[in-house]
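Read the structure below first, then the notes.
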Amino acid sequence: MRPLLLLLHLLTLLPLVAYAVTSSPPSSLKASLILLPSTFAYLLTYFSIPFISNFLLKANMYGLDIGKRGTPTEHDKVPEALGIVPGTVWILLLCLSLPLLISTHPSLTLPLLSSLFTVLFMLFLGFTDDVLEWPWRVKLLLPAISSIPLISVYEGSTSILCPNQLTWIFWTPAGGLTNFSTAVSNFITAYPNSPTNLIDIKYFYYLYMSLLSIFTTNSINIYAGINGLEVGQSCVIAGSILTHNVWSLGKGVNVEGSWFSVALLGPFLASSLALCCYNWYPAKVFVGDTYCYFSGVIFAVVGIHGHFSKTLLLFLMPQVLNFLISIPQLFKIVPCPRHRLPRYVKETGLMTVSRREDGGMNLTLINVVLKVCGDMKEEHLTMVLLMVQVGFSGLGFAIRYGGGSSLFFNEEL
């Protein structure tokens, strides 16, 4: 399993290195900025986790695997909050890489520094959540606060492309502005005779970015509970984003934003793959809320400062679907227990749908998959869910590069 993960990481980075060394002019510096921090991230994380695990156990930061109830290992103490290791490694390597990143891309100075501050804040929130178990109102408030540095230095456009099907709301057939456009011009600006159907949503775009930060940091956290799922889905999402970045670099589109994303996601993916070696079934460590918030905020940071936040949502479709399924429980419309993960059946050794105190099924995508596919072993369930993630990423690419032109005047979303 572990050599396979390292091979997967190297294969993921191969297109990036190939682009860097074959670009005109060739740039070994770009290649080193991709490969070296990622390699060190994998090695540092891989060899640090056993060392840090011992300290966490001594501090009584451990959990019992609920999915192993009724098995000989149900009382084994599993170190908790090991997401602190890849998070710390990522921050360390970004700090060491800053001089080279800023010297080669001076325009990324503020985005890099604000990203570092935001990730630090969310890593702190995640670790304290593992220790103190924050209530949900805090989990919603603090990500909004942590998004302030991102929003404060955001220098991108606040305009969006209006789908062709909705242009009648803002423009007349002759290209002039409708009465509605004139009425809301203080909040949303539509440009007369715009060839690209651009509308400037102004402050609503900043609100959207803040909500995106809240969603990404919590979406991984509520789509979790079985060995390898949290870190596995994050690796698939990161790989999908990197593939999109490589495509953009190859086309010469959004080059600065794509390199920003690559610089941050390379070490993140590497450290996550190292963590996955220990969190895969049967888990030797738990990633905790620390990793869920760390991974979520990384996606928000690269999506916002990399200027592809709408494309990011296409790669988060399973997380969006899980959130929509969970709404009745999240908003207390129906009972919501503390743990909604599937139930382990001792007699069969399989995971099955878990139920609420009123007899209804816990509303999660994991339980929906079990309902549709039937009971299965935990490691098989993780693989099925990751295949679902991969499938939705493929659908996201199809929408982004195939269906985007049917929704927008311009093929770039």
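Placement of Cβ uses the backbone N, Cα and C atoms for every residue, glycine included.
Predicted, not measured: the structure shown is a model, and the values here were computed from it.
As given in TrEMBL:
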- 1-20: signal peptide (SIGNAL)
- 34-57: transmembrane segment (TRANSMEM)
- 78-102: transmembrane segment (TRANSMEM)
- 108-128: transmembrane segment (TRANSMEM)
- 140-156: transmembrane segment (TRANSMEM)
- 168-191: transmembrane segment (TRANSMEM)
- 203-224: transmembrane segment (TRANSMEM)
- 258-278: transmembrane segment (TRANSMEM)
- 290-308: transmembrane segment (TRANSMEM)
- 314-334: transmembrane segment (TRANSMEM)
- 381-403: transmembrane segment (TRANSMEM)
Cβ-Cβ under 8 Å with the transmembrane segment (203-224): same-chain residues at least 6 beyond its ends: 118, 122, 139-140, 143-144, 146-147, 150-151, 154, 158, 160, 187-188, 230, 233-234, 289, 292-293, 295-297, 299-300, 303-304, 309, 312-313, 316, 318-320, 322-323, 326, 330, 341, 364-366
Ranked first among 34-57, 78-102, 290-308, 314-334, 381-403 for CB pairs under 8 angstroms with the transmembrane segment (140-156): 290-308
Intrachain residues whose Cβ lies under 8 Å of the transmembrane segment (290-308), provided they are six or more past its termini: 81-84, 86-87, 90, 108, 111, 114-115, 118-119, 122-123, 125-127, 129-130, 143, 146-147, 150, 154, 156, 209, 212-213, 216-221, 224, 230-231, 234, 237-238, 241, 244-245, 248, 254, 257-258, 260-261, 264-265, 268, 272, 275, 316, 413
Stretch contact, the transmembrane segment (78-102) with the transmembrane segment (258-278), Cβ-Cβ under 8 Å, 3+ pairs: yes
Annotated stretches the transmembrane segment (34-57) and the transmembrane segment (381-403) touching (3 or more Cβ pairs under 8 Å): no
Seg_contact(the transmembrane segment (314-334), the transmembrane segment (381-403)) with at least 3 CB pairs under 8 angstroms, min sep 6: yes
Long-range environment of the transmembrane segment (381-403) - Cβ separation under 8 angstroms, sequence gap at least 6: 226-229, 232-233, 236-237, 239-240, 243-244, 247, 280-281, 311, 314-315, 317-318, 342, 351, 365-366, 369-370, 373, 411, 413
Beyond the flanks of the transmembrane segment (108-128) by at least 6 residues, Cβ under 8 Å: 81, 83-84, 87-88, 90-91, 94-95, 98, 101-102, 134, 139, 142-143, 145-147, 149-150, 152-153, 155, 213, 217, 256, 259-260, 263-264, 288-294, 296-298, 300-301, 305
